[in-house]
Every structure is written in structure tokens, then in C-alpha cells.
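Engineer: Next up is a structure, given as C-alpha cells.
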Amino acid sequence: MEHKEVVLLLLLFLKSGQGEPLDDYVNTQGASLFSVTKKQLRAGSIEECAAKCEEEKEFTCRAFQYHSKEQQCVIMAENRKSSIIIRMRDVVLFEKKVYLSECKTGNGKNYRGTMSKTKNGITCQKWSSTSPHRPRFSPATHPSEGLEENYCRNPDNDAQGPWCYTTDPEHRYDYCDIPECEEACMHCSGENYDGKISKTMSGLECQAWDSQSPHAHGYIPSKFPNKNLKKNYCRNPDGEPRPWCFTTDPNKRWELCDIPRCTTPPPSSGPTYQCLKGTGENYRGNVAVTVSGHTCQRWSAQTPQTHNRTPENFPCKNLDENYCRNPDGEKAPWCYTTNSQVRWEYCKIPSCGSSPVSTEQLDPTAPPELTPVVQDCYHGDGQSYRGTSSTTTTGKKCQSWSSMTPHWHQKTPENYPDAGLTMNYCRNPDADKGPWCFTTDPSVRWEYCNLKKCSGTEGSVVAPPPVVQLPNVETPSEEDCMFGNGKGYRGKRATTVTGTPCQEWAAQEPHRHSIFTPQTNPRAGLEKNYCRNPDGDEGGPWCYTTNPRKHYDYCDVPQCASSSFDCGKPQVEPKKCPGRVVGGCVANAHSWPWQVSLRTRFGTHFCGGTLISPEWVLTAAHCLEKSPRPSSYKVILGAHQEVNLEPHVQEIEVSRLFLEPTRADIALLKLSSPAVITDKVIPACLPSPNYVVAGRTECFITGWGETQGTFGAGLLKEAQLPVIENKVCNRYEFLNGRVKSTELCAGHLAGGTDSCQGDSGGPLVCFEKDKYILQGVTSWGLGCARPNKPGVYVRVSRFVTWIEGVMRNN
């Protein structure tokens, strides 16, 4: 069984001024290599381990791994190109970039890739061989030139680039066709451009990707870890014809950059397919009809649709004829259509080797489900967990079990048919300590999931808990339990999960250690031999053990029970249906407990709203246009059915209305009496001021609005929608510049899912770490669930200061 890691606080080791050597490495948390040629050494830090790798003389060190708690360094001759990556707990794998790269910089003097054929297709002779050609350059005469195997190299600094002696007796040597690295130039559309150009075509300075000034945006580096959004360098994260950036000019949001094209052929993009695999970016079949039966327009044509997805702008995307393709990272192949009324549509491409996943058929007439009042949790070690959580303890999105990107692995549905490896849901296929998943972050191979163990009663229908008011900030109780990952735990447990006594933190027997001691971590509570979590390990409190053969282990410290209901944490797990309020699904009853039905004084539902505190509801300003009098409105809380209201529903009058002073489509309602917070009525959390939701974040809308003939009318429905970055949403083919910076877009561009009339004012919530945060108020759209016309929502974070001021002063 493979082992796994927990997130390491690398900042503990990356001291200022000492991190430069590590810039030459790619690091992956929670990963190890099957290595044959290796050395195991002791090192006090990651930098010390890197130095040992650089100093190694007996073999070429291409990678090393560092165990933080054990202070163990393993240097290795292999890397991911010659070995298999596995998961391992408490390990970070560092691989030298130069040995992973298959491109050259300049004349390729430092090229260390594995190309072993010349540009004329002749196999290279081994550098250590003397047949058929006696070499002038060999590993013995030039030991620092990387003359391994028969790989192309440039030991003599030849201006024409890497070369090799050939296995053809008639040709002593030949040059190799190594593509240029995308540092000074770009291949294709610059999706992999890695250079440092930071000015636009017109000479404007680029805004840093991690800055929200002068332009707020959703391309947040931590949310797009595979897009290399460094500093203010030009990049192409969204399928434009070439790299671009946001500018430092407040009057110019973004502009393309002038990156020259590389003169060498681009690297191979991998195998191509005649069927649909993944999102179809490598589909090269001949389907030329959309899902609605429209004929595709030729990519080189500009009639009837004018566009910039041309063969010239996307030279590597094989935009031949009018065949369906995916040149810009959409969710599936598509094309512009020859119907002037339909700009573009997705295509129906047969899947490679598997039938489409069937979706659950939902009964629109079914009564509200009697769902247990429980949080999503797991029993035992979680091998039986079959929930839909897909977020790790640090908030990272899980990689699909059937995907090999960004992490190649063997934990597939085919290899583990009984493990429930569906979509990207958290699972425990290998009997680990709890559910986990591979992450979509290339630098973090896997993490445990943001789930808690079920208590004795969770998982079965239980009586509703007592009614309580909203909590103040939680403080640890005297009970021996922990909050979160237990970094603040100061209890007196001193045995591991296996019952082994802990070694005292100040002791050096049986295990020597220097990083986690009372002297180095005086505020971490490292007293006696008590379980602690000084490094914020997401696995929870741990200790060095008194077993000489077991360096450290985790402790079994339970989570503290919350004494009240926290904002954004429903007591019923939402369904989170992946389907396309039009085209969504009926929600689990009371799984969105902040949902408000805004009604006329006669009881007619006409808008949605969101409970944000016991006395306050947030809604859209346009919902209040018919009357400025609070007495015209009332709110319904805790409802699942629109008409036949359940007995527990709370009906409260509105005492005051507050419209946003700059006329944004957002308003506050003060209730005549505070709502009673129960398991069915819980506020949503507000975001941080000016927080920007990253593009492609999956969020949820809910409401009773118009369903346009789809199922579930009269019951609360939900739909999952991706946020669309405003830059994309404002493209000509979508909303054509209509979306303001105080608004956000969300929706499926193919249509079929949207909020409609009657959903106005309702919530768009996004899951962040362990709770749902209100990021949007349903505002407007061009039609309802139309293709290419996503819904528009007021960006709540831009108005948090106003919201809090109104609530505080009234």
C-alpha cells in the first residue's frame, strides 16, 4: 500500500536569501519515487538536502525527497521520466527542472533531455561507445557535459545546437531537432509560455497576477496552479490567441502581449484521438455537426460568424475544414455554426471506450426528502464513504479518479471497482486513515479531504437539535478535543492511534530531531510528551513515538462538538447535483438553510433572498421596485415547498428597506423580529471585502423560480454553475462588455442551467474550505438558460463594507 503525505509548511525551511537553489527544482508534496540508485542521508533542512544532491559524485542526482519530521534526505538518480511516482506521507519530492525539460534554451548547451534521434531520424550512438564511431567527446573526457546513454547533447557549445554521434557508419554525427523552450519565444498560442516579458503590445506595464489593483480579476495564481501565473509576466490562462496580461492602466483592463513565435517545431502535445477523451483538446476526428444539428462553419471563414479562432491564431490546434475542435480549453469540442442566429455550439463526439455517465433521474413530483439532520461525515477509516465532498483540508479541488492530469496514478475505477471512485469525490480505496484524493494542483499530489468522522448518532435520522442563537467566536473548552487541524490543541493525550506512548518533545531518544523542540517552537505548546501539531499538519496532532522502529505517528484526538450553528454550514448535506434552477435538480430539503422566499403581504412568492444574520436579509434592489414600503413585504424562512408550507417555517415581517446608495442591484431588509436559528434556518457567511472569486470556481444557485417546463416546480431547486471570469464573459459572443466590475458571471455556456424570474435576489454561494460563502446576488441575464448568455450576479464582496455599516448602525 502506498503511503501519503500531509501538507508541509515549507516556509519553515525556505528562509529569506536561502531559497534560490530550490528555484531549479519542481516540487511535489506527498510524492516519492521508486528509486534504484539512491542514498539516504540526514539533513536539517530542505536546502541542506539540495546541497547534498548537487555535491553527489557517484551518480547524477536528478531528484531528492525530504521527510520533514524525520529530517531524512534521499537523493536519487531517477526522476518521473525514468521511474514511477507514488504517494508518501510527510514527504516533498524535488526534481531538477533541467532533467525534466525536453526543450533547449539558446544553443542547448545545458539541454539534459532524452531525445536520442537526429533530425534525419537516425538513432544516436551511446557516448560511452566506440562503435561505429570513435568519439572525441565521452563521459570520461567530459564528465560535466551530461553525456549519458545516447541522448542528444552539445558538449562543444555548437551554435547549431545539440547533436550526437550516429549509429550509421556513413554519418559520423548529426544534429537533433530539439524545440526551443518558451522563455524568449512562444509555440502555438503561448499556453506554455514561461518567459518574463511583462509589457503589452502597446507598451503598457502588466499588473501582477496576485494583485487586484487597478483591476480586480478572477485569475488568482493559487486557484490556477498549472497556469504559471508568476509576477506580472504575460501568460495565456484562458485560450486567447497569444499571451496577455491585465495592465497597470486603470483605463485599459487587459491587452495581448507581443511574444515572438519560436522558429523550431513545437513539442508534441501527446496522442490524438478520433473519439472524445477528457475535454477533447486532442480530438482530431471529422465530426462537423453540433448537438442541435447545425453544420459547422469553416475555421478559416468569417461568414456568418466573425471570430479570432482561426488556423493562423491557433496553429497547433488542427483547425482543419469545419471539424469540431477545442482550441481554447472549453469543456468539449465545439464549432461556430453556419446558422447566423446561433453563433456556436458544442458537438456530440463519441466517447473513447466508455459510455457517458448516466445521471440520476429525479422525480419532479416527489415530496420533500426526509434527509437526516447530519453533516457530511465518514465512519471508521472512511472506506465506506460514498458522499459527494470533493475538497481537501486546504481547500484544493480533487482530481477526477479517471483522470491522469495533473497526477498520473493507478487508483482508477478499473483497478479499484469496489471503492466507489466516482467523478472526483473523496474516497479511501487503500484503507488509509480517512478519505483523500489527488488534487488539481500539480505541486500537491494528494491531500486528505475536508470531512469529519461521524459521531455515534450521525448517519441515521435523529431528532432535531435544540434551537440556539448564532455563536460568538469558538474558544476551546476544557474537554480533550480539537478544532480544525488541532494546531491549537493543548490537551494531555500522549499516545498515538496505535496506543504507543509519545516521546517527550525535549528528548532525543529513541529519535533524534531538531526542528520541533520546545526551544525552536516555544509557542507550540511542546510540553512533556503531549500530542501536538506544531507544523499545522492537516492529519492533526502527532508525536515522536517511544518505539525505535516508528519515528512518529498521529494521535486520535476527536473534534470538539460545536455548541451552535455556524454560518455557511448546513446541517443537511446538499445534493450538489452535477446536472445542468432551469435544468438543475430538486434540492435536499433544508440543505440550503439561508434561502429566503421574499413574498408580497398576501403571501405570493416573487423573489429570493439570503439570510445573513438573524435580523437581516440580502436581496436584489430590483425586487423592491413595486413598493418602497416595508409593510408590502414579508419573508419565509426554512421552507422547501413554495406553496404548501411546512409547520416549522418562520414567517417574519419586514421593518426597514435599505437600497445600495450607488444604485447597485442589491438591498438589505431588516426583519421585524430576529429569525430563530435552527437546523433549518442558518445564515450564509459574507465574503471578505473586495474578495474576487476565481474563474471556473464551482458555485451553487438555489430558488423556486420559473422552471420553463422542467421538473421540480414548487420545490426548492439547486444548480451547480462555474464562475466565468469577467474578461471572458465580456467577449463579443457572450455578454459583449455589459458586465461591470461590481458584478460576476456564472453559468454553463451551452445553456440549460440558469436562475430565472422568481430567483432574482437569491443566493449564489461558493464552498470555501469548510463553509458556503455568499458571493453573488442573482441580478439579471439575457433570457433564461440561453446558450452563450450566462447569468449575472451582484458581486457581494464589493458591498460588504456597506452591508456591515448598515447592520451596525441600524
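Heads up, the Cβ atoms here are built off N, Cα and C, so glycines get one too.
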Engineer: Which of these, Cys245, Cys335, Cys347, shares a disulfide with Cys296 in Swiss-Prot?
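Structural biologist: Here Swiss-Prot pairs Cys296 in a disulfide with Cys335.
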Engineer: Using the record from Swiss-Prot, pick out the residue from Cys502, Cys567, Cys577 that is joined to Cys543 by a disulfide.
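Structural biologist: Answer per the record: Cys502.
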Engineer: Looking at the candidate ranges 126-145, 266-285, report the one that Swiss-Prot labels region 'Disordered'.
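Structural biologist: Matching range for region 'Disordered': 126-145.
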Engineer: Of the listed cysteines Cys124, Cys152, Cys188, Cys206, which one does Swiss-Prot record as disulfide-linked to Cys176?
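Structural biologist: The record-listed partner cysteine is Cys152.
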Engineer: Distance check, please: Cα of Cys206 (disulfide bond) against Cα of Cys352 (disulfide bond), rounded to an integer number of angstrom.
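Structural biologist: Rounded to the nearest whole number, the Cα-Cα distance is 42 Å.
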Engineer: Arg445 (L-lysine binding site): which of the recorded positions Cys275, Cys531, Cys607, His622, Ser760 is the nearest Cα neighbour?
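Structural biologist: Among Cys275, Cys531, Cys607, His622, Ser760, Cys531.
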Engineer: For Asp158 (L-lysine binding site) and Cys164 (disulfide bond), determine the Cα separation and express it in whole Å.
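Structural biologist: Each residue's Cα considered, Asp158 (L-lysine binding site) and Cys164 (disulfide bond) end up 11 Å apart.
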Engineer: Which of the three DSSP states, helix, strand or coil, fits Cys53 (disulfide bond)?
Structural biologist: helix
Engineer: Across the listed L-lysine-binding residues, Arg136, Asp158, Arg172, Asp432, Arg445, what is the farthest Cα to Cα distance, given in whole Å?
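Structural biologist: Pairwise Cα check on Arg136, Asp158, Arg172, Asp432, Arg445 gives a maximum of 56 Å.
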Engineer: Within 10 Å of Cys623 (disulfide bond), Cα to Cα, which of the recorded positions Arg136, Arg172, Asp432, Asp665, Ser760 are there?
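Structural biologist: Hits: Asp665, Ser760.
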Engineer: Quick check on the recorded positions Arg136, Arg172, Arg445, His622: which one has the highest count of other Cβ atoms within 10 Å of its Cβ?
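Structural biologist: Counting every other Cβ within 10 Å of each candidate, the maximum falls on Arg445.
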Engineer: So for Cys766 (disulfide bond), how many other CB atoms are inside 10 Å of its CB?
Structural biologist: 21
